[in-house]
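Worksheet: the structure to be examined is printed underneath.
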Amino acid sequence: MRSRATLVLVITILVVILDQASKIWIKTHFYLGEDVKIFSWFYLYFIENNGMAFGMELGSKLALTLFRIVAVGFLIWYVVKIYALRTIPRGYLVCLAFIIAGAAGNIFDCVFYGLIFDNPAPPQVASLFPAGGGYAPIFLGRVVDMLYFPLFSFIWPSWIPFVGGQQFLFFQPIFNLADAAISCGIIVLIIFYHSYILPPKALAELPER
């Protein structure tokens, strides 16, 4: 069962490294609000947010960061409890690894980015480890987002209440690799592995497949 633990660890580390590398590159090469068109349906668009995945805001910054840390700690405990169970498919563990890695990537932003980056006014780009110190205390950094996919848009018919005549754009949220890892992990887990979303004791009692 050591290979299962190795799989989870490798996926988690790789996702966190890729996520952080992309964020650091964006922070040190783009000014806040800058966007670059790659294709008509894909932009690199640098924004920062204080909240949840895809730029959503929720509650105080410190409380949200502490909640994330507790949630990741619980998921790690959960994986440690179940990874050796023969009833658990590798795919389920892979989903959990993506979720843990994505959450950890955004936690790193919140905890450390305020300390290791400055916050110059556009069009200046941020410096890593600036001589004058960072822009915020520990736990109060902002999450970096940069992936924007405006895939298609249309105008709502005028007869539809409230939104008639307005433009609808899909997909509007700007996100990062950590958000994508969390979302993919949760979606695949719900579609293919929902029957395994149980406490460790209950999972141990499942029949082998």
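Each residue, glycine too, has its Cβ placed from N, Cα and C.
The structure displayed is predicted, hence computed values, not measured ones.
These come from TrEMBL:
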type     : residues : note
ACT_SITE : ASP145   : active site
ACT_SITE : ASP179   : active site
TRANSMEM : 62-80    : transmembrane segment
TRANSMEM : 92-116   : transmembrane segment
TRANSMEM : 136-156  : transmembrane segment
TRANSMEM : 168-193  : transmembrane segment
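Of the candidate ranges 62-80, 136-156, 168-193, 168-193 contributes the most Cβ pairs within a distance under 8 Å of the transmembrane segment (92-116). Between the CA atoms of ASP145 (active site) and ASP179 (active site) there is a gap of 9 Å. Residues 15, 18-19, 22-23, 45, 47, 53-55, 89, 91-92, 94-99, 101-106, 143-156 of the same chain, all 6+ positions outside the transmembrane segment (168-193), place their C-beta atoms under 8 angstroms from a C-beta of that stretch. ASP179 (active site) carries a helical DSSP state (H, G or I).
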